[in-house]
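The structure under discussion appears below in the form of structure tokens.
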Amino acid sequence: MAKAWQRPFVNVFRHCRVGEWRRCSKEGDVAAVTLPGTSTQSLGLTGRYLYVLFRPLPGKHFVIQLDVATEDGQVVRMSFSNLFKEFKSTATWLQFPLICGAGAATKDEKGGTRVGASDARWTCLQLDLRDILLVYVNRRYGHLKSVKLCASLLVKSLYTSDLCFDPTLTVAEAQRARLRVTPVPREMAFPVPKGESWYDHYVHLRFPSDSSEAYPRPVQEICSPPEPCQAPSVPRSLPEVSLFCERSEVPTGSEPSAPAHARHKHAAGNGVGVSAPKPTVVPTVRGDVAMHEPFGGKQSKQEVALAEHLFRQRSFLPDPILRLKGVVGFGGHSTKWALWTKDGSAVVYPCHAVVVVLRTDTREQRCLLGHTDKVSALALDGDNVLLASAQARPSSMLRLWDFRTGACLSLFRSPAHMLCSLSFSCGGALLCGVGKDRQGRTVVVAWGTAQVGRGGEPVLLAKTHTGVDIQAFEVAFFDETRMASCGQGSVRLWRLRGGQLRSCPVDLGEHRVLELTDLAFGPAQDGHMLYVCGRSGHILEIDHQHMAMRQARRLLPVWTPGSPVSQKQTFGSGPGISISSLSTSQATCAVGSEDGYLRLWPLDFSSVLLEAEHEGPVTWVRVSPDGLRVLSATSLGHLGFLDVPSREYRVLVRSHTAPVLALATECSHGQLATVSQDHTVRIWDLATLQQLHDLRSPEEAPCTVAFHPTRPALFCGFSSGAVCSFSLESAEVLAVHRCHQGPVTGLAASPDGSLLFSSCSSGTLAQYHCAATQCRILRVAANVVCRDAHPTPNALVLSGDSRLLAFVGPSKYVVTVMNAALLEELLRVDVSALDLSSARLASAVALYFGPGPPGHLLVSTSSSTVVVLDSTSGRVVRELPDVHSGACPSLALSRDARFLLTATDRAIKVWDYLTQACPGCQVYIGHSEPVRAVAFAPDQQRLLSVGDAIFLWDILGPLERSPPGSAGDSPGVPPTCEASLDARQLEDVVSGAHGLPRQQVPKPSQVSPLQLGVCVGPLRDDDGAFSWSDEEGPSEESHIPEGLCQGSSLPVLVKEASGAGDRVWGSPGGPRGFSMRPHPHGWPSARGTRKAQVRPSARPDCYRHFVARYKTSSLPKSASVSRGSAERLLLKVVMGYNGNGRANVVWKPDTGFFAYTSGCLVVVEDLHSGAQQHWLGHPEEISTLALSHDAQVLASASGCGSTASCCQIRIWNVPGGSCRQLMSYHSTAVQALAFSPDDELLVTLGDYGDRTLALWSMATCELLSATCLPEPVHGVAFNPRDAGELACVGQRAVTLWLLHGPNASLQGRREPLPEELGAGELTSLCYGAAPLLYCGSNAGQVCVWDTSASRCFLAWEADDGEIGVLLCSGARLVSGSNTRRLRLWAVGAVPELRCKGSRARSSSVFMECELTLDGAVVSAVFHDTMDMGVVGTTAGTLWYVSWAEGSSTRLISGHRSKVNEVVFSPSASHWATCSDDGSVRVWSLASMELLIQFQVLNQGCLCLAWSPASCARPEQQQVAAGYSDGTLRVFSISRIAMELKMHPHWAALTAIAYSADGQTILSGDKDGLVAVSCPRTGMTFRVLSDHRGALISTVQSRSKEGPSHPPSPLVAFCPWDGALLACAGLGVRPEVVFYSLHQKQVVERIPLPFFAVSLSLSPRARLVAVGFAERVLRLVDCESGTMQDFAGHDDLVQLCRFAPSARLLFSAAHSEILVWEVTGPWAAGGASGSGPRLG
């Protein structure tokens, strides 16, 4: 609120009361105005933009000086003056040359373009203070402190604002033209004579010219007409910091236009960018990888149209949300230019506008983005430091890349119009290029690149024109001043000397008529030889020193007469085989020819060593630096290499050779099908991007493609009208149908796999039955589809339930919706009538069904609009105008309706579809040709776009919105997936191992019909011992209520004929009230056994539903967990709260009882002392808790695991802490628990997969009643004043239940949501003052119901997101949502509003207080007065909230992702942890409280090490952490700051350790490299590659005297014997092996029940702790041989560590950390040291 007075702008002169001043101050002989008047004051203006309206006096100098304060308090001075000649800067001072006016462009001293001043006019100088600080001093803008205006200039005023105004437009002009710009306020506007242009009188300067280049969030574009300016011939330095006048001539009388150019940049991981040309040079920060168009270059019409419509939209997070993961394709401009890296481990090649770095062993891709057209040439220097790439158009823009980081170091234009060849010198100091100028003459250019990697720019050394043809050009590897070229009839040797390129021809004699294609320098006996090849089959050997040809050979085809098999080729005379490329190594020469063969010869060409036959002509060959591999490319787009030692050929890339027209994805096997203009249909594996099948049709061109949803079959439509069905198993054609008379324009299969539809350009629609293998035609309808339509993947679309079919027809202005089964027309919508204000009729272009319900149909129109229609009524639900510059031919909506994809021309837009008003978008360009189709991958974590190639993008943000809080804030919560479990199992395991969201909710196993669904029984093992078993069925102790024992006597659902009881269901019939009358809409019922008639439901669009975190572990088939009196481990503390649960916190302020869940444990904690009790028993993750009103009984529920058919519900005795009853009924998960007001009943609600409501008696713990629900229900609550009434909320309705009779039979009434509130989900509820019921929705609304009248009478907008928690007491209401906001509402006036009915208004409800927490709110409990409470979030944090103080205090906090390491300080007073969430946390060992947290965003911390005591003084403790990006960071514990950051690895660090003296850090990565670094200097002085190819799991060092710190996992030194190594998991049997370093043999073996995943040895006793994937922790006494197993972990025990004192043992399962106390005589001798205090 303190900044509100500064909006929308502030007049600085008026703010400082300049009008009351009498004179200016003087500093020497210079007049100056200082604002504010005294140096002790500060303006304190926070506006991002500063507008200076001034007029420079002709021939006079002036200075504008700004003092700007950063967020951290640093003051930076900015000076702008026409006195300055160049840009200068320090850490606190920036000097910018300011040249204003409208003169001609001139050159400054350093070659930068500047505008000369021919006259002096009023000027609007617009400065983006935020971006200037961010670009030049890397600081964040705080506020404007002071302004000083010096010397000769006239100033109208100064203004600050957060808005980017367009000074050329007024408010009236913007409204009249309906422009998407912010016009200048009247007070700031310059007067413009009527009929004249603003630019004829004034000047607009903006700096930086485009703020989005320096900061990812775009700002409004400057509105000035474009004026082309010539770029300098010499590459300019970036950043260019001079300010230029952006002015163009506009015809008199023309109105100011909308922004003609726009730039939208997203640095998506490795540099995805979008840009459009600017009329002047754009200041850019070195290292910025945004894409830049050529300055002043010509554009195509498509590029201009694209630039005109990339208007600014507010972005959404994360930004960027896409990262290019990989591309499928090769070449584009040509099928040449594939290069080896220095070590031969990767290949660099172009794919249209993308440069791809592909590792040959892992097939991992790294994409370099930035080019706007196809890459025509590549060059890589000998040290793999610099990579050069050139694009074909426009005007051969060149980019120099840092090859190791992928950053673009320099962007410049070549003097040649089109470059066709690039070559680096071996050292990378010289780059040569060959191309054509605009007159078609050959141009050879040389640049000096020695300073590029050191912050400099390339320098143009020489340029020359030549009349000879050049097909290949190469710089000699032994002398960077010598080059060679070859072409039509010529070989020339070049030399760079004295800044000039000179050449000399080689006398070829009779071979001067040959067409030479390639050349290479190679070794020779007396030096070096030049080898040249030609299309006639000749290979010429040229002595470059004597400029003479030594020998000529020719490749000839030779056949044995009468034999069809060719022999090895030799050289001689006669017709030759055309050679396209050759490459040499130290001993061999590789030759690629047009007959499809790659041949490897010795340098004397005596015989062929190896040859490999290809499917097409070989166009390119390159031998790897070690000579062991030969890379080859073909004209068909294939790229591969020949491994010489093994004589095997491996294909790296296969690609289409023409634009891709359409795509289709298959869910179960993760496959992609594409159709291309090259007459092929190809099927790809989405996981590896490798081609699986290739279907060719030389005669007929394929147009459309579709997968069968359930069978391995593929459908394809052709240009002849044929529709073919292919079997992917047998690779044969199953059926061909020819019912169409024109090209097939649309093809779609129903999601249930029963029907197939096709349409053609003649207007015919065909329906097929495709459930069986042989597809047959059912119906053919003529003249229903739009005629002469082009094939598009969105021509025919079906709804998710397979009921509706939509298409464009019978005309292009009409969208028709049909019944898919009967082809009956249900709806017609004329899209041309939707926009009556448009002068042109809009036609429908593409369609897409949104996920249902609510069943929306998205229509892309030719007027650049996406219209969302209700598929039932046809009404317009919403409209997205100006989506693209033109019609959008393809669009897609994510399964959770969060992201909308649109594509047109070469741009892809990702829209925040959930935002109703002004949805934000992000734009991505990587394609060099128009994008034909976009789609989400089956896992919904990636998206695909096809055009010139196939692009696979990773979605960086959480895609699935349900639950948004979980998906976004808790990494362990998975999104749903329609795929089968077996198809996604492998990927899920990998995702879980890396801490990523899993791809699929595990489905419960099918239960036998004889298996009873109720399992209730007391726990007879009073000592707490329990065991796991695979046996199914109820236990012997289970008590089955009467009426549930006989499966044959189950009630049959009978639909009543009478209409009595409308909107009412339920009957007291049956022994316990199970018999129920159905709702008129078909609500079923069930009792007792599994719900066979309930179909699995899709996950609702709300985050309220619990979904267990995906686990790669499982419970053992049998494991006895001891709980005897001689326990050697006692669970002491559990660190962390399960933010994945729902309503899993209970608190009774009167008694002080406080409990929450952590994994499968119920943690009861004393809020005063911090002491914990732990209630064990649940085998799986606990989903929810409920506490009885008298606080004597606690109910907890866990999910269904792999070893049980039902979820467990445990009833705990609070005073004794024992479990008195175990119950089970629900099949997948329990969504909610609630006690009746008298605590006699317990209601349990199943989740969306279970959909049952069960009622239990607390006296007998028997099931009283169960109801099967037709749709998912999100919450349930008892009426606090009536135990016979409860309510549920779900999809667009509230259900009120009444309990009747002694058996508590249920009778329900469903009340739909009023239409005024829209279609949505009610996600939370709570009772208020009688008879009020408050309900929250996923749209952020709170509606109030009168339960006595069964009506909703009031609603208000309470939040922007889904409300998941509602609590009411008295006149206060608390709401919590997935937007992380917790709000307190005053609802005391609501009971009075009930009497007004529909006339009630929400103005009487107001918000008292608001708090923002660290995650979506999932649990909350408050005192009856609502003054204080405890709130849980998805971030795994419990907060204590005090409304009186308006504060939130962290009670419980833990890691959000998998814990990777636990280490201890040398003094044993503190311990530290690291996690996949990127945090390093330091804890107190005595109090177990969090002291320090270091957070690194977007990276996972995988390993950790604490510096030993010997490295420095105790107060200078350090922690070294290794991260997933290969960086190593050293944190100071005392200073609480990062001291050092190193990057010793390119792969993720997996192990790290200090040396015993602390002077060295050893780090290992997943690729097997071990780096030795110095923590003082940050230098890496040695890299060990002995383990290359294998992940480094452990690094440990010790001094000569013995171990220096606690041991590491799986392999460790024994603390009790330094000559022993303890190893686990190294053999074929599960065991721990002790290996003696002295005896060189195994001295002891300890067998284990399972393979170990973690290991720790006690430093003071012969104890070994072993963690298993079966969620068991075992303690082994090596002296006595006794073993004990301990449970309590929710997942595999990935970590266990003994504390240095040996009194404590730490174990970790995913994000939970369990601290165990070690008992026994071995723990008596240790004492926990106090140590120095942190900080």
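For all residues, glycine too, the Cβ spot is worked out from N, Cα and C.
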Here TrEMBL annotates region 'Disordered', and of 954-976, 1023-1045, 1299-1321 the range meant is 1023-1045
Given ranges 249-279, 435-465, 497-527, the stretch to which TrEMBL attaches the annotation region 'Disordered':
249-279
What else in the chain is close to the repeat 'WD' (653-694), if you only count residues 6 or more beyond its ends and a Cβ gap under 8 Å?
326, 328-331, 349, 351, 358, 363, 365, 635-640, 700-707, 709-710, 712, 714, 716, 728, 731, 791-793, 929, 932-933, 935-939, 942, 944, 946-950, 952, 977-980, 983, 987
Tally the residues of the domain 'CFA20' (32-99) by DSSP class, grouping H, G and I as helix, E and B as strand, and everything else as coil.
0 helix, 37 strand, 31 coil
Summary of DSSP states over the repeat 'WD' (1452-1493), given as helix, strand and coil counts
0 helix, 24 strand, 18 coil
Per DSSP, how many helix, strand and coil residues does the repeat 'WD' (653-694) have?
0 helix, 24 strand, 18 coil
